[in-house]
Amino acid sequence: MAVDTTLIAPQPSALDSYLKSHGLEESHSPHYQTLASQILHNLQYQHDWTSLRIHTHSALVQKALPRPLISGLPPHRIYVHPDDQVEELKRGADLTKGEPEREWVLPTHLAEKWSLRRFGEVFDAIEEEPFGEHSGKREDEDVERKTMAKKRRGGKRLLLATLGDDSTVVYYVVHDGIVKPRQN
Amino acid sequence: MPASNPPTAPDLPFPVFQVSSQVERYLLYDINTISWLRKTHNILGVLIGTLPQIPQQNIFLGLPLELQPEETRLLVEKGLAYTVNDLDRHTQDLASQTPDQIESIRADLYRDGMELARELERNKQEQTREALKKLRSNSSSTTNSDSTAGPDPQTQDSASETTLFDSPSTKEPTQTKPTINPKPWTITPTTSYPPLSRPPVPLFPVLPKVNPSSYALFAHLHGKGYFITPGIRFGCHFSVYPGDPLRFHSHFLAMSAEWDEEISLLDLVGGGRLGTGVKKGWLIGGVEEKEGEGGDGGDQAEKDKEKSGGAGVRTFCIEWGGM
């Protein structure tokens, strides 16, 4: 049987075409932007998140974020503070049916080294709750932001998304400050 | 013991014994001080004493209590304690004792030991007397009941029970042994003062050497009312309890780091997973260096860091995201 010597490159993967279809911005290095896009892809298609958005600038301190962050709406609540959990259990509410809250996601790669300073910089640049695409004018946003502040029990939190070389993504909740653990 | 006999405040500052000048290990020997520290200052330490002849018995340990260097440092900074070089002090004090003093200490110990032994002997005899009295009254009542009514099974039962433990030959031993002269107990004092004098308080307290970042985190958490034990058993630096560990499970596995110390993400993922597996949070923290503070006067910043007990510490808690 004759060997076919013509080499045909395989079709690009769904992720590859997704990454190529998104242009790069100038604010951050291409590495960070691709990383964010890949995490966003994972959230959208593996974890059914909706209303996803990549943030490059901080609305809180009016400058570029240390790296692009993602915000989005999970299909169900991914974090319930233990005190809220107790209250809801007392009320007899079903914890899985709670209204999902919009979350911050910090894209990272497993090979990276982080430090307390870098976590501090990220937390200093974000609000408690991120704003989606639906929020309209800036004025409304400001009003909304004020009402949102200090609303969450446990304060600021984000989801640390760590990408491995085999494109596995693991998600960890990181709190700013001392927040007692959940009793799963 | 603490419930029935609440600890009283020791004379402040109290001495903490450093094993020797070469070793950063700090011991406490006084049970009252230990209970008081636990009750009023959330300082736990670790009991390390075992029985000299059964050293493999290591589940229930006793005196002395070893304090972590961070705990000792905190106590010294608060002015509650001062460190004493145990080896030097002990050698010096023992050498300064005169033969008469040594003899009187021995006599005291002999007297106390004898007193304890006599006390025990008295209790024993008291118990025997009680038992015999009961036996006699029982036997008389059974004879009475025999003559008047039928045998009472309950009285008979208790009478036979007593005779099980007291052989008939040991009747009325009080008459045969009126004087008690048992062998005295050997007493090993847990503290060496008295008879030795209390070590003098130094004019300038010697601060135990600690890792600045771990001490800052320790002081920060302690200041918030947490109880802290060494975390080696859980794979971290400190395990952090919201109350006394006898009543609460720990909330956090804590790890300290310098503000700019590089932390591998794999360590964070591993720590977060480790904590979640045992229903705890993985807590990392260190002294925050704000922008503009650095640059000029690095020594000053270093000094401030040394001074401030837990001020300016920022912490982050990591839990598994569940997805």
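Glycine residues also receive a Cβ, built from the backbone N, Cα and C atoms like all the rest.
Lifted from TrEMBL, the feature list:
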COMPBIAS  B:121-133  compositional bias 'Basic and acidic residues'
COMPBIAS  B:137-148  compositional bias 'Low complexity'
COMPBIAS  B:153-179  compositional bias 'Polar residues'
DOMAIN    B:19-86  domain 'TSEN34 N-terminal'
DOMAIN    B:214-290  domain 'tRNA intron endonuclease catalytic'
REGION    B:121-196  region 'Disordered'
REGION    B:288-312  region 'Disordered'
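Secondary structure of the domain 'TSEN34 N-terminal' (B:19-86), assigned with DSSP and counted as helix (H, G, I), strand (E, B) and coil, comes to 21 helix, 25 strand, 22 coil. Sorting each residue of the compositional bias 'Basic and acidic residues' (B:121-133) by its DSSP state yields 13 helix, 0 strand, 0 coil. Assigned with DSSP, the residues of the domain 'tRNA intron endonuclease catalytic' (B:214-290) fall into helix, strand and coil as follows: 26 helix, 22 strand, 29 coil. Confidence across the domain 'tRNA intron endonuclease catalytic' (B:214-290), taken as the mean pLDDT and rounded to a whole number, stands at 91.
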